[in-house]
Amino acid sequence: MVKRAVVLISGGLDSTTCLAMAKAKGFEPVCLAVAYGQRHAVELEQARKVAAAMGVTDFRVVSIDLRQVGGSALTADIEVPKDRPSDEMSHGIPVTYVPARNALFLSLALGLAEVVGSTDIYIGVNAVDYSGYPDCRPEFIRSFESMANLATKAGVEGAHFTVHAPLSGLTKADIIREGVKLGVDYGLTHSCYDPDAQGRACGRCDSCVLRKKGFEEAGVPDPTRYTESA
């Protein structure tokens, strides 16, 4: 019997690799993307392309307007930091943190999992290269999993939900190497927080810098379309 898993997908490098890993484990993925008012909405179109390229037949988008909440450079009129040194990137919580984003995303995935009869949820959080986001930490994932089994009908009736975060202990280079082994086309992915009108990556935000560094350290050509000034 085919086992289904809900996979949170953003169209980025990490979530795309996570999807490939879920498929490699034999799961039939139900992909869930979230339109939350993010300034880099181009990632949603890339998520569709990634899912189609991987043969996903169940792709869903849930809309939740976090611009009404604000508090982040991704959802409000706050400038996205550029050209930050690595030591600055590794300390503190950056303004690109979206308040409670992964808690919200996982809650949506949990509800969908219960509806489609799945007990497995995949999320591509990674805390090795970038430890600034509190909702990317393994302890958060474990805590959410515990909550999931207390807060759902399926959970209290004996089903056990598992939140898989297979990238949590990997560097960006490790993630890329794993994805290459699994046949991921990274040319379809988008990571930039502040792309131009053509969807090209700025090459200077934290996400772009980490992506560039990952490809360089992995020894894999970077297929990203950057702006001419990047």
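Yeah, the Cβs are placed from backbone N, Cα and C, and that goes for glycine too.
Annotated features in Swiss-Prot:
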BINDING   ILE9, SER10, GLY11, GLY12, LEU13, ASP14, SER15, THR16, THR17, CYS18, LEU19  ATP binding site
BINDING   CYS192, CYS202, CYS205, CYS208  Zn(2+) binding site
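Recorded features from Swiss-Prot, shown on the structure.
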residue	record	Cβ neighbours (10 Å)
ILE9	ATP binding site	32
GLY11	ATP binding site	23
LEU13	ATP binding site	26
SER15	ATP binding site	25
THR17	ATP binding site	27
LEU19	ATP binding site	27
CYS192	Zn(2+) binding site	26
CYS202	Zn(2+) binding site	20
CYS205	Zn(2+) binding site	24
CYS208	Zn(2+) binding site	22
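DSSP assigns ILE9 (ATP binding site) to coil, not to a helix or a strand.
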